[in-house]
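Written out below as C-alpha cells is the structure these notes cover.
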Amino acid sequence: MYTGCPGTGSAQAGRGASCQGCPNQRLCASGAGAAPDPAIEEIKEKMKNVKHKILVLSGKGGVGKSTFSAHLAHGLAEDENTQIAVLDIDICGPSIPKIMGLEGEQVHQSGSGWSPVYVDDNLGVMSVGFLLSSPDDAVIWRGPKKNGMIKQFLRDVDWGEIDYLIVDTPPGTSDEHLSVVQYLSAAHIDGAVIVTTPQEVSLQDVRKEISFCRKVKLPIIGVVENMSGFICPKCEKESQIFPPTTGGAELMCQALKIPLLGRVPLDPQIGKSCDKGQSFMTEAPNSPATLAYRSIIQRIQVFCSPHPSHQEELVGS
Amino acid sequence: MEAAAEPGNLAGVRHIVLVLSGKGGVGKSTVSTELALALRHTGQKVGILDVDLCGPSVPRMLGMQGCAVHQCDSGWVPVFVDQEQTLALMSVGFLLETPDEAVVWRGPKKNALIKQFVSDVAWGELDFLVVDTPPGTSDEHLSTVEALRPYGPLGAVLVTTPQAVSVGDVRRELTFCRKTGLQVIGVVENMSGFVCPHCEECTNIFSTGGGEELARHAGVPFLGSVPLDPQLARSLEGGRDFMQEFPKSPAFPALTSIAHQILDQARSRDPTEAGRPASQV
C-alpha cells in the first residue's frame, strides 16, 4: 500500500504515485529538496578534526543504547591520550546527562561555538538535556525543529580534536536518524553499532533498523545483545528474563550476515550505576558484564582502525 | 475543530485511552496489549490502535503478524484477533510488505498516516480504544492528540520502569500531557522486581518505587506495579493471551487492577457523556 518515498533528491520527487497526499508533495515537486543543504559542507569541515564517528542505533527503545554509548565512551576514554566525544541526539528523551553524571549541567557559549560538558579532560558530552532549565521540561518538537537542533549540534559545537565521536540516537528510523546520516554524509561515518535485547519483539524492530542502515548505505560494525540472561545474586543461577525465543541476536546476525560483537548480561548494578551517573566498568571491574563491554569495545576499535597491526602498537605504547 | 462536525469512524467508540511514555522499551505495547486483553475479559469490546510507525510491536504480541488490512466502504477494516470480534487491532505492521521493511519516514508522512488511522479505520462499536504510542514527545504524539481531541479521550496511562533514567523521561511526558491538555489517568510502574524462578529471591533489577514516587510528586494516581515476569515476556513473544493462560502469575492481579481502575474512571465519567452514543452491550 505504501511503496515509499522516492527521495527528495530524485527526479520523481513530488511526482511519484506515493507522493499523492504527502504534505511535502508541492515542496518536493518544486525541486527545492534536491539542492544540498550548505550545512553538509560546513559539517564536513568541522568533522575534519574527528577521526572516527560511530552511531549507536536500535529500532527498539529501552534496549540500552544510551547505557552502551556511555560505557563505550568510558571504555575508550580510559586511554588518556584518546579524546572522546558523546553526542546525544535523542532530543525528546535525553538520558546521557543522567547516565554520565552530568545532570543539571549547562552548556556554555564561546567564540567558537557551544562548549561541550566534560566528564573528564578527554571525555566531552553534548545533549539537549544541557539546554533545558528543569528536569520536567519537555521538548515537544516536530521533525524539522529536531533536525535543526541536530544540525547545530554537528556544526556549532566546539569539540576540538576528537578521536572518537559516539552518537547516541533515539529509537526508530525517522527524522533524527535520517538527519544525522544526511548531515554526516560528506564526513564519513565509520559505522553503526546496533543494540538489541534477546527477545523477538525487540529483534523485529532491530531488523528494521538494519534495513534502514542498508537503505542509507551506513556500514554496520555489529550487533550488541544487551540484557542477555540474568544471574540471580542469591543462587547464582541464570534466568532468561527477555527470552530469546527465536534464537536471539546470534541467529539474527547469522541470517543477516552481520557480526555479533558480544552479549552483555543483565546485571542490576549496571542500572544502578547509570542512575548514579557512574561508570559500571570502574565500579565493578571484574564482573562478567564489564568483561563483555571490554571485549566489545576492543572489537569496535579494531573495526575503526584501518591497520589492525598498527593499532596494537599504539595500544602497547 | 472541524473534525467534530462529521461523525467519523470513531463515533461508536466510547472511551479512548492513550498509553504513553517518554522512554522506550518500558512496556508501553505490553501494557497496551495486556490492558486491552484485561478489559476484554471484563466483557468490553476493545480496539488497539498502534501508532508506533517505526517499531510496531502489537501485531506480534497478539499473534497477528502477517495479517492484512482490507478496505471497506467506510474505510480500513481492522484486524480482529478473535472470531467474536471483541478485540480489533490496527497497526502499520499490517501495511508492510515484509516484516523487516523499515518505515523510514520523516514527521509529515507519519502525521498523514496517523490522521488516516484516526479517521479511516472502521472500528464499529467499541467500549475502549487503547492507543499505543512510540517513545517521546514528538510528531506521533502531537498528531495523535490533535486528531483525537474532538473525540474527548478519557486520558493517558503513563508507563515507566522504576529506575531514575526512565522516570526522568516520564516526567517530561507528564509535562507533555499538561501542555496538550491531556488528562493523566495514572502511572504504571512496569518491570518492578524479578522473582528468581530457582530460589524465589526477589531482585529489583531496574530498582524499585520510582513510578510511585513520580506519581506522588506529580499529584497523579498511581495505578500499580507490574512485576517482571518472564512468563509475560514469553507469552507476548508467542502472541498468546497472558490473562487467560497465567492467572497465577504475580503480574496478573496487577494488570487486572489497572484495568479495573480505568473502568472505574470511565464509569465515573459516563454521566457527563450526554453527547456520546447510548451505551451498547
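Each residue's number is its place along the chain shown, starting with 1.
For all residues, glycine too, the Cβ spot is worked out from N, Cα and C.
With a 10 A radius on its CB, A:Cys5 ([4Fe-4S] cluster 1 binding site) counts 19 other CB atoms from all the protein chains. Among the features that TrEMBL reports, [4Fe-4S] cluster 1 binding site is placed at A:Cys5, A:Cys19, A:Cys22, A:Cys28.
Under the heading ATP binding site, TrEMBL lists A:Gly59, A:Lys60, A:Gly61, A:Gly62, A:Val63, A:Gly64, A:Lys65, A:Ser66. The DSSP secondary structure for A:Gly59 (ATP binding site) is coil. The local packing around A:Gly59 (ATP binding site), expressed as other Cβ atoms within 10 Å of its Cβ over all shown chains, amounts to 29.
In this view, A:Cys232 ([4Fe-4S] cluster 2 binding site) is surrounded by 19 other Cβ atoms within 10 Å of its Cβ, with every protein chain counted. When secondary structure is read from DSSP and collapsed to three states, A:Cys232 ([4Fe-4S] cluster 2 binding site) falls in the coil class. What TrEMBL lists as [4Fe-4S] cluster 2 binding site is A:Cys232, A:Cys235.
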Rounded inter-Cα distance in Å - A:Lys65 (ATP binding site), A:Cys232 ([4Fe-4S] cluster 2 binding site): 24
Chain B, Cβ under 8 Å: which of the binding-site residues A:Cys19, A:Cys28, A:Gly62 qualify: A:Gly62
Binding-site residues: A:Cys19, A:Cys22, A:Cys28, A:Val63, A:Cys235 - member with fewest neighbouring CB atoms within 10 Å: A:Cys235
Closest of A:Gly61, A:Gly62, A:Gly64, A:Cys232, A:Cys235 to A:Cys5 ([4Fe-4S] cluster 1 binding site), Cα positions, binding-site residues only: A:Gly61
Rounded Cα separation (Å) that holds between A:Cys232 ([4Fe-4S] cluster 2 binding site) and A:Lys60 (ATP binding site): 26
Of the binding-site residues listed as A:Cys19, A:Cys22, A:Cys28, A:Cys235, the one whose CA lies nearest the CA of A:Gly62 (ATP binding site): A:Cys235
